[in-house]
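Database features (Swiss-Prot):
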type	residues	note
BINDING	D11, R12, D13, D19, R20, G21, Y22, T53, N54, Q55, S56, R104, K105, K131	substrate binding site
BINDING	D11, D13, D130, K131	Mg(2+) binding site
ACT_SITE	D11	active site, nucleophile
ACT_SITE	D13	active site, proton donor
SITE	T53	site 'Stabilizes the phosphoryl group'
BINDING	C93, H95, C101, C103	Zn(2+) binding site
SITE	R104	site 'Contributes to substrate recognition'
SITE	K105	site 'Stabilizes the phosphoryl group'
Amino acid sequence: MITTNKALFLDRDGIINIDRGYVSQKEDFEFQKGIFELLKHTKTLGYKLLLITNQSGINRGYYTLKDFEQLTEYLQESLLKELGFNLDGIYFCRHAPEENCACRKPKPSLILQAAKEHQICLERSFMIGDKESDMLAGLNAKVKNNLLLTQNPLKTPHSWIQCKNLKEMIDWIK
């Protein structure tokens, strides 16, 4: 398989939008400060934009698959209106942690599926997220560059870069 493309794998809640816990309605969805600039920067550099998100609220009964699909449609329409493009792919896990599925981050299967479908070279790509599970999913998939958005730096033996805001992430992505 030819893997010529590079990707920005990104988490949704906490990266694209402010994480208010189980966000499922557009009224509760607020874009994170700096996300438009980050997406525009990476798209200009030729990165595929691939959403990798755990959405256990579906199987926990907090919202329906249809709610998730409608919010995703709103997200895509908003990006198209604001930036002139939208995400290249959306990959999600609907399972709760106790279901012990194969797709929930920190397991790498969603990233690997997206990489296969979009011919992604993981060594030229980035995973960005706001939780340790996001970073571990990137590491487990062998994504070379992992950027963690955090106000409280973690002491970790892992090779991810910790950033205080999305603007700082832009500086790392070349």
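Even glycines carry a Cβ here, placed using N, Cα and C.
The structure displayed is predicted, hence computed values, not measured ones.
This view paints the features noted in Swiss-Prot onto the structure.
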{"residue": "D11", "record": "substrate binding site", "Cβ contacts under 8 Å, 6 or more apart": "L51, I52, T53, K105, I128, G129, D130, K131, D134"}
{"residue": "D13", "record": "substrate binding site", "Cβ contacts under 8 Å, 6 or more apart": "D19, V23, T53, D130"}
{"residue": "N54", "record": "substrate binding site", "Cβ contacts under 8 Å, 6 or more apart": "F92, C93, R104, K105, S133"}
{"residue": "S56", "record": "substrate binding site", "Cβ contacts under 8 Å, 6 or more apart": "C93, R94, H95, A96, P97, R104"}
{"residue": "C101", "record": "Zn(2+) binding site", "Cβ contacts under 8 Å, 6 or more apart": "C93, H95, K107"}
{"residue": "C103", "record": "Zn(2+) binding site", "Cβ contacts under 8 Å, 6 or more apart": "C93, H95, S109, L110"}
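When Cβ atoms from all protein chains are considered, those within 10 Å of K105 (substrate binding site) total 25, not counting its own. Same-chain residues at least 6 positions away in sequence with a Cβ under 8 Å from that of Y22 (substrate binding site) are, in sequence order, G57, Y62, Y63. Around the Cβ of K131 (Mg(2+) binding site), 19 further Cβ atoms fall within 10 Å across all displayed protein chains. Counting only same-chain residues six or more apart in sequence, the Cβ atoms lying under 8 angstroms from the Cβ of R20 (substrate binding site) belong to D28, E30.
Fewest Cβ neighbours within 10 Å among the recorded positions H95, R104: that distinction goes to H95. C93 (Zn(2+) binding site) falls within a strand segment according to DSSP. For the recorded Mg(2+) site, residues D11, D13, D130, K131 set the reference point as the centre of their Cβ atoms, and the other residues of that chain within 8 Å of it by Cβ are R12, G14, I15, D19, G129, D134, L149.
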